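Have a look at the structure below, then the notes.
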Amino acid sequence: MIVLGIETSCDETAAAIVTDAREIRADVVLSQLDDHTPYGGVVPEIAARAHLEHLDGLIRRAMAESGLGFADIDAVAATGGPGLIGGVIVGVMTAKAIAAARGLPFVAVNHLEGHALTARLTDDVPFPYLLLLVSGGHCQLLVVEGVGQYRRLGTTIDDAVGEAFDKTAKLLGLGYPGGPLLEKAAALATNPGRFDLPRPMVGRPGCDFSFSGLKTAVRRHVEELGLPLSAEDQADLAAAFQNTVAEVMADRCARAMRQFKEMHPQGGALVVAGGVAANKTLRARLQKLADREAMPFVAPPLRLCTDNAAMIAWAGIERLRLGQTDPLDFAPRPRWPLDPSAKPAIGKAGVGSGVKA
Ligand code: KG4
Ligand code: ZN
């Protein structure tokens, strides 16, 4: 089976061709970074227009790279949500048009499921596994029991961790996108132990996360030091923030591991996915934890952690193998939780709280 995948939910326009033999035949990603940098973050309307402008060309490039023609494609999969509605509409409409024109099945993929199943594309990880999903919009611990079968153990009660990286990088004057720039700055720290930051939620029962207090603590240090920060201050604060996030993640994961082992005594791997999974300090900390708990640890290659279409094509393949396709009147879903039965996290104030489901 050969599937064309399309990803347009945020600020990367991407197309990929993947086979059910776990082979990535083409994987092209166009970052819209230059379009959004002047605004210090993603502007939804600009994103939607950029997807519209570039998607056709990217699909053509992916086809050319794979050496395949449309006649070789068995299905089209596109991100159907969650994400910025304008972009999702562009990807979904394009996929539907190709599917209709070629008489192919169409699959609307949950972007989070794309991240969640990446470890099966890269490492053939068997179900069940424990997933730490860390991206710009989400921060969750989930038990992945099968395709479409997720049990959420914890989520953030305020910011997503990628959002915390982005906002903290802004506070430090590092610019956008925050995650990779903050990681770079932290690598230059001469005194990573200089700042003592609070560790939100550490030691607390449950597996929920919180990052707003950590961000506020960084802001206080920045105010005390005065702007603009020296490169040394930037680096030391970035390292303190990054190490603290890794410690918080390890504490939350350790608790989730205990719950996972109770649910599935036969065991399974700890998997990390999403853009923040590209962070090397976090990866190393999770590896150490998994070693201690005698659990295999799987982190996809950096390129497949951040948004891409190979993961969407692969999630499409997983669903197609179960006979699941979507009708051509599928409506994009800007909000689309992986575990619809999960209760809102404690501290969620509802509409307008800024909390992601
Ligand atoms: O999964 P992703 O590409 O897009 C979403 O679905 O949100 O994740 C993007 C997020 C951004 O917040 C970005 O700052 C963060 O992932 N990120 C990182 C790193 N690379 C990307 N955060 C920390 N360290 C990194 N190396
Ligand atoms: Zn993502």
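Positions of Cβ are set from backbone N, Cα and C atoms, glycine also.
Keep in mind that TrEMBL annotations are predicted by a computer and have not been checked by a curator.
Quantities reported herein were computed from a predicted structural model and do not represent experimental measurements.
According to TrEMBL, the protein has these features:
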- His111, His115, Asp307: Fe cation binding site (BINDING)
- Leu133, Val134, Ser135, Gly136, Gly137, Asp166, Gly179, Glu183, Asn279: substrate binding site (BINDING)
- 23-314: domain 'Gcp-like' (DOMAIN)
- 331-357: region 'Disordered' (REGION)
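Overlay of TrEMBL annotations on the structure.
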| residue | record | Cβ neighbours (10 Å) |
| --- | --- | --- |
| His111 | Fe cation binding site | 29 |
| His115 | Fe cation binding site | 30 |
| Leu133 | substrate binding site | 26 |
| Ser135 | substrate binding site | 25 |
| Gly137 | substrate binding site | 19 |
| Gly179 | substrate binding site | 25 |
| Asn279 | substrate binding site | 28 |
| Asp307 | Fe cation binding site | 26 |
Of Leu133, Ser135, Gly137, Gly179, Asn279, i.e. the binding-site residues, those within 10 Å of His115 (Fe cation binding site) when Cα atoms are compared: Leu133, Ser135
Top Cα neighbour of Asp307 (Fe cation binding site) in the set of binding-site residues Leu133, Ser135, Gly137, Gly179, Asn279: Ser135
Near-site residues: Fe cation, ref His111, His115, Asp307, CB cutoff 8 A to centroid: Glu7, Ser9, Cys10, Thr79, Leu112, Gly114, Ser135, Gly274, Gly275, Asn308, Met311, Ile312
In sequence order, those binding-site residues of Leu133, Ser135, Asn279 whose CB lies under 6 Å from ligand 1: Ser135, Asn279
Candidates near ligand 2 among the binding-site residues Ser135, Asn279, Asp307, judged by a Cβ under 6 angstroms: Ser135, Asp307
Mapped DSSP class for His115 (Fe cation binding site), helix or strand or coil: helix
